[in-house]
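To start, the structure itself, in structure tokens.
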Amino acid sequence: MTTANSRVRRRRGMVGLAAALPLTFILGAGAVAAAPQSTNEGNHGKPAALEARAKEIIKVKGRQFKDLNGNGELDVYEDWRKPVEARVADLVGQMTLEEKAGLMLIDTVNASCDPATGKFGTVPETAHDYIGQQQMHRFIFRNVVDSAERDECQPSGGGFGTNVRVTPGEAATFMNDIQELSEATRLGIPVLYKSNARNHIDPQARAGINEASGAFSAFPKEAGIAAAALGEQAEATGEAIDGDMSVVDEFADVMGDEWSSIGLRGMYGYMADLSTEPRWYRTHETFTEDADLGANIMGQLVESLQGEVGKDGNSLSAETDVALTMKHFPGGGPQELGLDPHYAFGKAQVYPGDAFGYHLKPFEAAIEAGVSSIMPYYGVPVDVTYEGVDYDEVGMAFSDQIVNGLLRDQMGFDGYVNSDTGIINDRAWGLEDATVPERVAAAINGGTDTLSGFHEVKTITDLVDAKLVTEERVDLAAERLLAAERLLAPMFEMGLFEDPYVDPAVATATVGSDENREVALDLQRKSTVLLQNQEIDGDSLLPLDGGETVYVLGNVDAEEVAASGYEVIDGNDPAEQRTAADADVALISMTARNVNTGAYASNDPATGLNPEHNNPSAIEGSEGLDGQSPYGAADVCVIDSGDECTDNGLRFGGSFPWEASTLDFTGMKDAESWEVTPSLDAVQQVMTEVGAENTVLDIYFRQPFVLDEASGLRDAGAILANFGNTTAALMDVVSGEFNPQGRMPFALAGTREAILQQNSDTPGYDETDDGALFPYGFGLSYNK
């Protein structure tokens with residue numbers, strides 16, 4: 001595998017465009033900057049690859065072009081030799097208002113299955129509506145891509161429903177069919193498909209948050225990539241500070257090839273948020289608590305997946321693998337009490353350590369690297385003043401101060417802003433009393449270009465027809481042009497107008513190939529952190545000598561342990577009659593996960609309206625968030641006495657909100673919405689039988705869990721931290737075939753008190769009485 005330093009990069013380009021609003025409504029205003037001219041000439045002056053399925057290919061002076069509007073002539077926007085600015089201007093000049101407004105919409109269109117034919121990967125009816133009637137050309141793909149045996153054929157559930165699994169080849173065929181449907185529209189504008197992260201081992205993957213890896217090569221979670229990067233740096237320099245980015249490049253090389261092979265050319269990610277608040281359940285999607293490491297990773301991801309910035313300042317081209325939408329600006333990590341703004345009870349984003357600027361660093365690096373798009377979060381900044389600006393307490397995607405003022409004017413971002421999903425209908429925090437059209441107008445005025453989870457083009461056109469426009473602020477025609485450039489330019493730069501189609505056979509051969517899986521396995525090994533390795537009679541427990549009798553419990557494959565040369569007692573097998581007392585060593589893979597949360601209902605006296613659990617979060621003027629009301633009091637179904645509750649079932653993840661601070665294993669053992677697996681009782685029993693000093697704990701840190709003293713886990717002879725691994729990778733480390741080198745990408749507290757005392761916006765636990773049990777960058781190796 002080549003590295004960032006040795007690999008010859010494919011040149012890629014992207015037009016840098018001005019910060020401008022698609023439409024200007026009376027609910028707000030934003031700054032406007034001039035659009036710089038691109039020096040690119042089409043696909044860098046070279047003939048583009050062409051494929052047409054619904055339109056004709058025409059020849060002009062011996063060269064081929066797609067006749068996308070079907071007029072038999074070569075229009076400027078169809079001419080791949082022309083500069084992108086000229087192509088965009090020509091296309092926008094031919095578009096109707098409905099077609100322009102449709103560019104601003106993105107929603108889910110999943111592959112379906114036709115019960116009549118039994119064919120998987122078919123186009124659902126929603127696609128015909130979204131493309132043909134709503135004029136949409138951006139979609140989200142949420143199907144699990146998997147080659148395993150499937151359930152009965154049934155139509156796609158749509159939205160977050162991912163009941164239909166497709167193979168890589170079927171996914172590619174589906175993407176091609178969607179592109180053909182879009183090519184058949186009046187102007188032949190192609191589709192840009194996006195997805196949340198897929199290439200990670202995640203036993204609790206959730207649609208709308210991240211997708212299961214399925215057939216894709218499975219790497220550690222994001223924190224594992226960071227741990228491996230720190231470890232590589234420590235191996236080379238003796239210090240784990242801001243990471244070796246060759247690791248990130250290796251990961252992105254595989255991920256980009258696999259995604260692009262099925263036609264998936266956009267991503268909702270990666271998350272540039274910093275894991276400074278351990279209680280936030282989305283820390284499992286973040287890389288690190290450290291802003292410098294986070295900045296390096298974001299910059300490398302943009303360079304590896306989009307391309308290096310050329311002399312013209314562009315980073316997208318036809319050779320771009322995946323165009324990124326970095327999230328969640330201005331940094332979603334510092335959620336008050338760790339509560340998440342997917343839910344009405346978790347709207348508040350706070351900065352008790354006055355570290356607002358610290359969370360901007362990863363975004364600054366992404367912008368410098370030429371990131372295509374940025375997504376603001378749902379959260380409401382509470383009592384935030386930064387560089388003289390008092391920020392309005394309104395959701396980030398609606399905030400002119402955040403998007404236009406900070407992101408565009410101050411930080412210089414000139415790509416497009418893609419809202420998080422559902423800000424219009426479900427999570428319009430700060431605009432709860434506004435109508436849907438008012439929310440749309442506010443989002444657009446706030447600087448948002450694309451509305452995620454929204455598919456009603458008429459809402460936008462009606463606003464224009466009603467003349468809800470402040471014409472004296474800016475010239476409307478110029479505004480529309482600049483917005484269209486931001487949304488169309490990436491699609492031109494990536495060559496989608498010339499050839500958006502992929503080869504299903506290539507997808508089948510690429511996704512999850514043996515070569516790619518070996519790269520993933522290597523990063524699993526490199527991400528493993530050795531936290532503790534006690535000596536027994538002058539010799540450390542790890543690595544094992546070989547030939548020992550090993551008692552296994554938890555997420556460990558007994559057959560793979562046996563294949564590594566050990567006699568195995570399988571503690572996961574109910575039929576196994578032997579106890580850990582018969583073993584030389586116990587190997588326990590454990591973690592904690594959320595359970596029973598589907599029972600939560602905002603208007604339920606036993607959960608959401610339970611007076612024993614009041615929400616201490618408060619936002620002035622926000623109903624139900626007064627610091628004294630139950631958690632469900634902020635939900636619209638309680639405020640308006642309706643039936644539709646936003647937070648029911650806590651479907652996006654997390655514990656019951658009153659148990660968010662319970663990250664210690666002793667506390668999670670007794671919690672309603674946490675489950676330690678294997679149970680803490682079972683783990684403690686095994687440690688007693690075999691001896692704590694002979695116990696190897698392999699802990700999956702989905703969040704920065706607390707190894708509290710009362711749990712007894714600290715007494716284990718060896719403790720490994722993983723961020724998503726396989727038994728194969730674990731055994732390579734345990735056996736000594738691989739010397740552990742990973743370093744912690746975030747600090748671990750040793751007490752619940754430290755969790756309660758820490759500032760949600762600052763890294764580590766220096767401000768707490770107890771400090772950190774294991775600090776950022778910590779990690780051991782054998783004989784080191």
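Cβ atoms are placed via backbone N, Cα and C, with glycine included.
Among the features that TrEMBL reports, signal peptide is placed at 1-34.
Computed over the domain 'Glycoside hydrolase family 3 N-terminal' (171-482), the whole-number mean pLDDT of the model equals 93. The domain 'Glycoside hydrolase family 3 N-terminal' annotation in TrEMBL covers 171-482.
Marked as domain 'Glycoside hydrolase family 3 C-terminal' by TrEMBL: 528-782.
Residues annotated as region 'Disordered' in TrEMBL: 601-624. Nonlocal intrachain contacts for the region 'Disordered' (601-624), taken as residues 6+ away from its ends with a CB within less than 8 angstroms of a stretch CB, comprise 336-337, 339, 344-348, 380, 382, 393, 429-430, 432, 630-635, 637-639, 645-649, 656-658.
Helix, strand and coil content of the region 'Disordered' (601-624), in residues and according to DSSP, is 0 helix, 2 strand, 22 coil.
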